[in-house]
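Enquirer: Can you keep this structure in mind? I'll have questions shortly.
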């Protein structure tokens, strides 16, 4: 029987480690967090030292039971969850559960950490156990408590003032503000015209282009020429003076070094995977998790291919450095090796939480060697990690930049530049991606012919080119992660979840690979920026993150931080609940006056989303409403465009003695005849669609509906229907199976009723009714961690919890 129990977070990791440790160990997975705050008000109690009440997570109950069962027979227990705050908290929760159940009285329980899943790393960790780091646990608990208090208290204010079902998060909201402010910059941007002038030179050795840098003796700047007439006049003056040639006045050669980027940390891995591979942050972390936990490599079995992927550290272990340097010498020559390893400095004060950068566990496993065992996406990400780590330990690239000035007379000067690689260095392996290219990037790789001062170069022609200034680009995932990192908002473990939350809550949409805020997102951001300014302030959020870091290092206590945050936050929430109306909330935009009725026209967030409205609730007549068309926004729609929307519904005519009309509803454009509604196709415009097309769509839908019904029964709700997976029986509430050996159309009512009794399942999924009263709750106290007594546990009854879930937790408490 195994003597030791080792607990990790994922089953894949458990499988890999179990292979390394052998029969003396049982390796089990917790499947992530095992407990969370109880889903009801008071889960964090500011009046009682911010005591926190926990509940087992439903889906992980069986895994906790498996761990408990194994712990009873084990001689010792090792907690081997991830080497960061979340991992430390999971270990603490597991230890508390086992302690509550009386399983730690006579056996040692220790914490071990490792940043790679290799036999050496696992065995070394077991030889160097430690106690659970209470500072890391405190930092995680403080973060969780802050997120709960913000979400639980701020989200209901959004429900009342903006729209039901919305949520606000401590870190999510500043990230949303970034995206919204960028969109406002884009909308406010005024395009300016400007012109550039180029000389096409016909050098005998090679044709090349040169850009005008001086016109009429003055420096040529971006807006020196802003119209075509001025550009054409300048072109004529230069051509007249040049007389078919340009005179070389200066040739400059300059060498510069480009140093390799450090090995990946979480944020740079996410940014590069977005730029080079087109991966979302979520996909990057999911694939990296698989590579970290273990991939089956044929006879070698399951092997962890990369180190832990949630890290702020750019350090590499001595063993890793030695192996990487051996690879460089073998594959790229000793000339590609620096005299000593390249050392990089991390920006994060907390990089000690996870001790290494993201790197291959063994550089000897080249991307080519492991390719047969990896999916295409896994291979591409592994290759990225491998190349970045290897390149980080190579010599700099040496680039030579040549700059040539060519004059037309004494008043006009052009400049040609080119950059060539003299020594490849790390560029032989890897080149870092960029979000936006600049002029230097355009010159790179461009060679110029050998030229000397005093020579003349034949001029082929002078070209003018029109340009327009461009607004700042929307944030891509890579750019947003970079901005969050630069502001100090969020941490490696949270970037992907921040983005996922914004998308899930429909506060932003993806337009191509860029974020565009939705009207709901803009309304939420505007409301928070106007009335909870401090709590979406970038510096405030970053400072709070720094204080959480300080707690994790043991430099600050978590209770004083909670008090400092909670007292003013609570006062502000209470004030705003009663003092604001929807106009103050920023979800209403006045557009002007309707010329027909003389009433006010506004854009606003309604119950079902963005809409426009004619009139107000104070008018004698009820206000009229109209939904927006796709790609319209209440923040940019004009008065004329809004009034156009009220032409809906349009009556197209009659068909089958019934009126046919089109309109725009909460789910988009539709056509209607009698009681039959059908959504318009993407190519159909509700403002131009004709009667023939609308009736075709309606008839098509009715034909499909007729074919769906195989059999009706007189005086009964039961029908025999065609479904996605074949024929079935339904009474609208239950769906039942039809035996494969029965002809659906031949079923009698009695047979159908019996089949519903025997095989019927709810037509719609119901919420889980699993009881929670028997679960353990614990509190995290200011002075010590202890379990609640039996009476406290019994207070968490079934019905109040479910009621609270429905009424209060719907906002989703997020960062």
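Positions of Cβ are set from backbone N, Cα and C atoms, glycine also.
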Enquirer: Which one of these stretches, 149-154, 155-160, 161-166, 167-172, shows up in Swiss-Prot as region 'Interaction with DNA'?
Expert: 167-172
Enquirer: From the ranges 704-759, 760-815, grab the one Swiss-Prot calls region 'Disordered'.
Expert: 760-815
Enquirer: I want to check the contact list for residue 33 (site 'Interaction with DNA'): same chain, sequence separation of six or more, C-beta distance under 8 angstroms. What comes out?
Expert: 57, 60, 86, 89, 90, 93
Enquirer: Across all protein chains in the structure, which of the recorded sites 143, 144, 310, 505 has the highest Cβ count within 10 Å?
Expert: 310
Enquirer: Which of the recorded positions listed here (9, 82, 308) have a Cα atom within 10 Å of the Cα of residue 143 (site 'Interaction with DNA')?
Expert: none
Enquirer: Can you give me the same-chain residues 6 or more apart in sequence from residue 9 (Mg(2+) binding site) with a CB-CB distance under 8 Å?
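Expert: Long-range Cβ contacts: 29, 30, 31, 32, 81, 82, 87, 90.
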Enquirer: Across the region 'Interaction with DNA' (167-172), what does the pLDDT come to on average, as a whole number?
Expert: 90
Enquirer: Between the Cα atoms of residue 310 (site 'Interaction with DNA') and residue 159 (site 'Interaction with DNA'), find the distance and write it as a whole number of Å.
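Expert: Given the Cα positions, residue 310 (site 'Interaction with DNA') is 34 Å from residue 159 (site 'Interaction with DNA').
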Enquirer: Using C-alpha positions only, work out which of the recorded positions 159, 308, 505 is nearest to residue 144 (site 'Interaction with DNA').
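Expert: If we rank 159, 308, 505 by Cα distance to residue 144 (site 'Interaction with DNA'), first place goes to 505.
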